[in-house]
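Student: Residues or ranges marked as domain 'AB hydrolase-1' in TrEMBL: A:58-362. Marked as active site, nucleophile by TrEMBL: A:Ser163. The substrate binding site annotation in TrEMBL covers A:Arg232, A:Asp358. As annotated by TrEMBL, active site applies to A:Asp324, A:His357.
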There are 2 protein chains.
Amino acid sequence: MRAERQRMDKKKSLGNVETRYATFAESPHELLLEGGQKLGPITLAYETYGRLDADKSNAVLICHALSGDAHAAGFHPGDEDPGWWDAMIGPGKAFDTDKYFVICSNVIGGCKGSTGPSSINPAAGKPYGLDFPVITIGDMVNAQRYLIDHLGIGRLLCVCGGSMGGMQVLQWVASYPERVRCAIPIATALKHSPQQIAFDEVGRQAVMADPEWREGDYYGHGQPERGLAVARMIGHITYMSDKSMEEKFSRRLKEKDYSFQFKTDFEVEGYLRYRGDNFVKRFDANSYLYITKAMDYFDVAGDSLIPAERRAETRFLVIAFRSDWLYPLYQSQEIVRQLKRRHADATYCEINSTYGHDAFLLEIEEETHLIKHFLDKTYKGYNVR
Amino acid sequence: MRAERQRMDKKKSLGNVETRYATFAESPHELLLEGGQKLGPITLAYETYGRLDADKSNAVLICHALSGDAHAAGFHPGDEDPGWWDAMIGPGKAFDTDKYFVICSNVIGGCKGSTGPSSINPAAGKPYGLDFPVITIGDMVNAQRYLIDHLGIGRLLCVCGGSMGGMQVLQWVASYPERVRCAIPIATALKHSPQQIAFDEVGRQAVMADPEWREGDYYGHGQPERGLAVARMIGHITYMSDKSMEEKFSRRLKEKDYSFQFKTDFEVEGYLRYRGDNFVKRFDANSYLYITKAMDYFDVAGDSLIPAERRAETRFLVIAFRSDWLYPLYQSQEIVRQLKRRHADATYCEINSTYGHDAFLLEIEEETHLIKHFLDKTYKGYNVR
């Protein structure tokens, strides 16, 4: 079933794609961060799929989650797997590249080509480490705005993303409402609850407990792999649901003998270790710290999202998943409540899924159905105007 | 409010109590473990409160959870705080020591006086470390049985416990049904789900990722404190609920400035770090590994609890808490379903609480109401017979 879907995806795939880089080195493009510090020059890694209309009205910005990157769709030459949301982006897909110009950029603070703690600090000639300033979701969005300016786009047809991507969607509306025609925040929140902060904090503590972390100054020595793997394992539990774990692993044993001495015996343990070990090969530990902090600081509740005096012009499609206990339904419902209070045009959709928070990456059919229609309608309305 | 309750508890307190130790050194008391290995001599730390009847019909065994110990009630001379379930055990309390003889013992594998991985291995003249054999909930109960024999008690009026204590309750019924008049499993399960295993496994990984763990051979060098603290922090998140965290911390800041560099800024972070740091002073890291594994291995689903051919003689009171997402309601309901299938006399009570899994330690009033009555009724029925 999944193999078949994969083949289908390949057929409709964008084929080979390429990551590009834009550097904003000039002084106006030195980013003034919400924390008051300046960061620059900054580089953003990004990819684009499809073609920008003559009137530049068909641009869709996709925002990635905690561990994502600019490579949202298509294949990098030689790679087995396509980009992280390939099933949603391509010819005929939810974000139909025959119609739309799709952009995805790696967030600042990240480690996939955009400026982050593992980048060279020009003032010091070595990686920033903890000299990298605190960044916020607002800073990430401000950096993306440079890119959108750079691409010559005034107003985005749509900004869409799940989890931390959804926070960026909300932040775009809060910071640049006139530049967002429609917004699709998925499986996200106006702000983290203490439980969400707590899970992030334990992940950070796991990283910082690893002596290989060296107070963030580990570049050239190798990553704090064990701590980061533990952090990722905690994350994975929260991305799944009790039910999806039951369906995937139940209590099946990998190996069991009574002389085990804490080797892997349940399948779920093997899975978590595998995911943890894999993660450390592709993600920078300091980026993990900075990005999770940005999520914890994020808070557009109250008047921050849409000020009281302003009527929202942006159309909204808010999507949540019933088994998502990391970003529970009530958080998406609260987004909708605040939008309705501002008389925004907001549609709320709950998708039945057992996948938990991961559902935003997996419930392709349902999401396609909702998004394709919503986007087409917004696009047509836009062109009629 | 809580201070007042504390004062009230002091008034009705047992006063000073003492931990005692029983060692089973003789060959029949060498424990044959479920894993096939032999362990001995074994020592059990235990406390008793109240007086054993002449006909020995009023004995209640209290089983502790993961990080508990034999000191369930009363005060150790010089201590500020009483035992871990003092609000439930004492004159006039749920387990009324004016009527009942209450016993609590530290599990084997533990580190509070009973034989565990930090005990001296007589064969090696140094602490067991990872030479300690794998132990199961069944082994813990078999060791407790020696103690009950040693105290000259044939049949226990009641076995009660929450969380891992509840597993021991179920195991007592599975192993020695004729010796348990009534059983009160609280906030527990017939077996761990993959999600529960996953949380335990991440905790173990956090401990084992700490180089101070030294493959379990850290005695004399100091504990793997940082890893164990992370494990405990993960645990604490799962013991609370989204709602109780919201009520206790919301998003209140301890300190916030944009030069924070991963210090504590949200209150919930400070709380978790405090609980983690405190735990490592009082708990052995290897015990954490062995005991969580025992919980993960536990499985009395199906015929294990009560074989098909046997009608259950034990009366049951099964208690669960609505906000407990670590041991969700469906797990307690499954216990009741299996009991009913064997025509057992089983009462199921769901308590409304926002405390999450911690509720079994905090919802004293509700638990007292349910247990006091159930116990008295069983006791009277017993004496009438």
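Cβ coordinates come from backbone N, Cα and C, glycine included.
Curation does not apply to TrEMBL; its annotations are automatic.
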Student: Count the other Cβ atoms sitting within 10 Å of the Cβ of A:Arg232 (substrate binding site), across every protein chain shown.
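Tutor: That number is 24.
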Student: Give the sequence-ordered list of residues that share a chain with A:His357 (active site), lie 6 or more positions from it, and have CB atoms under 8 Å from its CB.
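Tutor: The list for A:His357 (active site) reads A:Ser163, A:Ala187, A:Thr238, A:Tyr239, A:Met240, A:Phe321, A:Asp324, A:Trp325, A:Leu326, A:Tyr327, given in order along the sequence.
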Student: For the residue listed as 'active site, nucleophile', just give me the three-state DSSP call.
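Tutor: Note: the residue listed as 'active site, nucleophile' is coil by DSSP, not helix or strand.
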Student: Looking only at the domain 'AB hydrolase-1' (A:58-362), what is the model's average confidence as pLDDT?
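Tutor: Mean model confidence (pLDDT) across the domain 'AB hydrolase-1' (A:58-362) is 95.
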Student: What residues, ordered by sequence, lie under 8 A Cβ-to-Cβ from A:Asp358 (substrate binding site) and sit at least six positions away in the same chain?
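Tutor: A:Tyr239, A:Met240, A:Ser244 - these are the non-local Cβ neighbours of A:Asp358 (substrate binding site), listed in sequence order.
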